[in-house]
């Protein structure tokens, strides 16, 4: 089965034994499965705001931004008679703001954008008496506007990784498939660490290691926790306070740019199941059929080593 095909709940091995909040191997549980706000039913709008979808989002796009995420939108605002008041699309200057923090760029923008998915274009109509009120935070668009054509261009999902503000994880690329690594899995990652001033601290490319083995030195706790919530091909940016990076050596903290390139599946294929013969899957095959005991097979051996040097 390929990594892009979702197994049944019984067959999923993503977090064996991990319960929310307790974690395993010293790692805390992560809200990596997606909240109802992200994947479930869209938040309901108040009765004074009506939504009409103009362009559906691309197929397979269902994740919505949540409070704290960075969102980027186009907005065309009009009066009730249809006359245009403002258009970020005409200026080619989309609005970017943090959702749910009161940084409203147009009336009820927090409520409106929270109902959308990337690529969706929708028209929102607000009752005139609500649109004209001066209550609430100031907006960049006159409050007399009552119709808003909004396109959600993109958003960057953010997560408070340890729930204390010490590490903020920004999801740059979600990755693909359903599988996420767990402690003990072999993985391949690339990382680049910079200071808050942009100075380079360290970099590792195409680095293979076992998750949870302290292979990232003082950054291990932070990186391991982040990787447990990532998928193959996922890219994240971790903004870390000093206690989650290099401590007093770098009191300003650090920024970790992290890419999970591969998750390797390993299986004990020894007859005695004593781990004397371990198979590591480098590339997924196709289909579900596997050879039986009397099947005729054809295979090639690309290399054989003793772990260090080739075997003659």
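Each residue, glycine too, has its Cβ placed from N, Cα and C.
Those TrEMBL annotations? Automatic predictions, nothing curated.
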Annotated region 'Disordered' segment (source TrEMBL; candidates 271-291, 292-312): 292-312
Helix-strand-coil residue split for the domain 'PPIase FKBP-type' (184-272), DSSP-based: 17 helix, 42 strand, 30 coil
Positions on the same chain near the region 'Disordered' (292-312), where near means CB under 8 A and six or more residues out: none
Integer average pLDDT (0 to 100) for the domain 'PPIase FKBP-type' (184-272): 95
